[in-house]
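Novice: Quick one: the structure is below, questions incoming.
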């Protein structure tokens, strides 16, 4: 596995990465080891099938969606930087750092996390969750016994509750508003990425 | 009542017995043979009575919700003890230490070991050992010293004891008791890590208890003067010998059992019996060598479970499981009843308020201090730290029970002048912890969790989103691989596969450990039988979807619904959901909420631990996992097809996948190889059908659209509505890569299965829907002659 420093030196632009994501060197090394373990063919990039090889993801109703979230539009592979950047969304928020308006929004802020979650729904990236997209997600998360009519009624009610401007779709602002009571940091953080 | 009737004649007939033997003048038709059989009769009767007690309080279900079963059993024991005492003026029945340690305890420990969730156990073994060893030593030492300090200070009045004796007392009462812990935690469902920590601790601390007990007992015999450094060092060495030795004995017996089950193919009828006998022997052997018997039995169960489950026939396995539960549950019941009965005996009661109260106080306080201290240390090293509430529950869950009582009875009265006081105190401590802490545990946990449960889930969006978050977190955890990936674990798995499987498992079992074979086999059989059954039942093959829709019947009373839901599932303290749904009663969103409540996939975080003394059913979670898995695979296949990926040469199955799932279907992760099976089958099909290569631009591999395109409809003429409307988002395809991997089977075998099906959960639907090359291949597939194929499927194994 090599020492921390030697591994770090293998990664290009690691300083920038740490700065951007807020990970510690130890974390970067751990993630790099994981990246390499996933990248079986040692190409330096991950493809969807590498993610697919993670067995437990197949047992997750939205596993494939999450895999998809790692790939930016148009890209077929994920390099280490993108990998880390996506995972950085799941860092617990830094409570201590004061909000610095001049700095860009940190990757693990509440807004960024919500954006990530929003993206999972909004596949066509039009900034709105349409009824069809919502139906897709619901379908994947509900047991097979649920009928289509029930599914549609749930989707309708959900949109009804959240849709404030009555355009039959949920925009990011409406999404954020509907979740204002939820402790996003708690729900979307993984401790060991701290 | 019956006992009174019996015990009186026993005394009477003893007197006349001799008389009747010598002088019979006529042929007696019926003789009263009480003295000959009174021992087994009484034993059987007591067992019956104890088990009947369980029936008594089932009459009033609210009672069981408040007071844990163990507490109620103790109460009934008191009643019974009172009756017997009233009749006989002396307590004729008592929990004898020998009976307890040799006839009642072993099966509980064996059951605990056999049903132990191994992955969880070994994953947290470090923490468990810390709590068990260091925690118990801490408890014992602090309690002993504190009591000694108080004794010196004169708070206890004049009792004839000394530092060593108090340390001994501390050591026997310090240990958390496995029986009591299991009994109470059954009712209060906490998260699995917490559960395994407390449970594991209660099992493993026996090693420490035994050593401390013996060491201090020996020291007391030696007398204070003779204790010097050598003796103390010997004491420490004896700890290692006892603990490690006991575990080794257990492992040796586990090996024996596994080897034995390898050869018992032809005597399957008594195969289950071997487990019990050998398990018991492991307990006795360790006891004989003065090693830790509980550790031995535990490790025996823990180590052999995998192999014997693989080696033995299904029926034997379920026999073993059920029988273990019967024994363990039965023993537990008897123990608690007798704990109650034993109390009603004035001869053992010596009351010393200060001693008793101080003991209670110190136990409580030092337990908490110990837990918090150790957890703080552990949290520095743990990946997922234990939070405050968990620590609180762990501290509060340190119950003492029958093991302490049994140990205190073993003390020699001559050495320990205050034995009676110790017995009394032990009993009071046991009652206090089991009853009071047992009763208040659930409300405490509820209160804490409700305080903590931030989300109110008032809106549908929140509900859905919360579940999404859960799944998301689990997925990211899996991707970032922090939990589960382990260098040691991989090495162990390698070793296991290479050597242990060869040694300990029958060739058939080994092959079926090959996950693909296993799953395929199982599913084929399952589908075959369900197919044939359906065909017979309906007379035609117009199967419709599974009609036992779990939809809520909204005409039913609200209350009835929920009590059913609550009764069905293992009771949980996740009461935040129930409360919210109760409040939803009036809103019209009730239907939707209720639907979501019932039908959202639970996800890994909410799956409950599997060990339960009372429940035998297979976890429903497995079906959920299966379903999700199939859907995912279907969608990947679909996208693969749509992407018309270039034909890549199939490769060998990667080793690491095999390693991960050597277990039977019971382990959720065996399904991980599903994709291999079906995607490669598909690939072979498509290759043979000359799919045009050429990669559709993989733009944004997103989650696939309607998997319902795949929904099983055998005659393919009937397409449910959503199928027809399914939109396949062709621009976003995930290239289905597992197509790289190849199975050892040729397509020809599998093709036979193609036009079959189809329960909703059948994997055959993959093949079914996919066999022809076209997207809507459904129409093109020649309707299979179902009955024949039914036969074909039936015979294909």
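Numbers here mean position along the shown chain, with the first residue as 1.
Note: Cβ is positioned from N, Cα and C throughout, glycine not excepted.
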Novice: Which stretch does TrEMBL mark as region 'Disordered', out of B:740-768, B:769-797?
Specialist: B:769-797
Novice: Quick check on the annotations: TrEMBL lists transmembrane segment for one of B:66-86, B:192-212. Which range is it?
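Specialist: TrEMBL lists transmembrane segment for residues B:66-86.
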Novice: Quick check on the annotations: TrEMBL lists transmembrane segment for one of B:3-21, B:307-325, B:326-344. Which range is it?
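Specialist: Result: B:326-344 is the stretch TrEMBL calls transmembrane segment.
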Novice: Need the matching range: TrEMBL marks transmembrane segment on one of B:237-260, B:453-476, and I'd like to know which.
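Specialist: Within the set B:237-260, B:453-476, TrEMBL attaches transmembrane segment to B:237-260.
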Novice: Any contact between the transmembrane segment (B:163-185) and the transmembrane segment (B:421-439)? By contact I mean 3+ C-beta pairs closer than 8 Å, pairs at least 6 apart along the chain.
Specialist: yes
Novice: At a threshold of under 8 Å on Cβ distances, which of B:39-60, B:98-116, B:280-305, B:350-376, B:388-409 pairs most often with the transmembrane segment (B:128-151)?
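Specialist: Looking at each of B:39-60, B:98-116, B:280-305, B:350-376, B:388-409 in turn, the most contacts to the transmembrane segment (B:128-151) are made by B:350-376.
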Novice: Report yes or no: does the transmembrane segment (B:98-116) come within contact of the transmembrane segment (B:388-409), defined as 3 or more CB pairs under 8 Å with a sequence separation of 6 or more?
Specialist: yes
Novice: Using a Cβ cut-off of under 8 Å, list the residues of the same chain at least 6 residues beyond the transmembrane segment (B:350-376) that approach it.
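Specialist: Distant Cβ neighbours of the transmembrane segment (B:350-376) are 130-131, 134-135, 138-139, 142-143, 146-147, 150, 155-157, 159, 173-174, 386, 391, 394-396, 398, 400, 418, 420-421, 424-425, 428-429, 432-433.
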